[in-house]
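Only one structure is covered here, and it is reproduced in the block below.
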Amino acid sequence: MLSCPTFVRKCQYGNLAKDRWKDAIFSTLYKSFGVSSVSTTTPLNGQDWGAVFGCGFSPDGNLLVAACENKCMLVYDPHNARLIKRRFNTHTGCVNCVRFLDNRSFVTCSDDTTVRLWDARNLTNELKVLRGHTSWVKNIEYCSTAGKLITSGFDGNIFSWDINK
């Protein structure tokens with residue numbers, strides 16, 4: 001059995017066989033948790049959303065949005081573990097992180113170097129696309145009192161965005 005740091009390091013360097021991935025994850029991380037799964041619905045039209053890289057709750061706890069590997073985001077009702085909406089091609093790269101700003105709007109970031117603002121009621125088009133990073137954007141933080149969105153990425157930069165402009 002691998003320790004967690006060893007497992008993560010091997011994954012980062014590509015030294016872990018893909019067929020052993022799930023077994024290693026379950027045996028090192030999740031076996032001791034009493035995990036209940038959210039919907040395992042078959043992907044729509046054979047489309048696969050891949051790994052889930054991050055997720056976030058709306059402040060009122062009525063929505064859960066998952067950021068997925070294959071340019072996708074999933075919106076769940078966490079009260080009954082029901083998948084409400086799938087949005088493929090959310091970005092042109094992996095969706096890495098999601099952060100709610102209020103009960104109806106949230107932000108995603110991606111390997112495509114963009115940060116996108118969404119209205120949870122209508123996911124047809126993003127409200128705003130923020131550009132500035134030159135490499136993968138991996139994290140989002142939000143300060144509601146200042147109205148500032150903070151993003152960080154593999155380009156070594158931390159950006160502060162005034163989303164009210």
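Glycine is treated like the rest: Cβ placed from N, Cα and C.
If you look up TrEMBL, you'll see 88-122, 130-165 marked as repeat 'WD'.
Note: the repeat 'WD' (130-165) comprises 0 helix, 20 strand, 16 coil (DSSP; helix = H, G, I, strand = E, B). Taken together, the residues of the repeat 'WD' (88-122) have an average pLDDT of 94.
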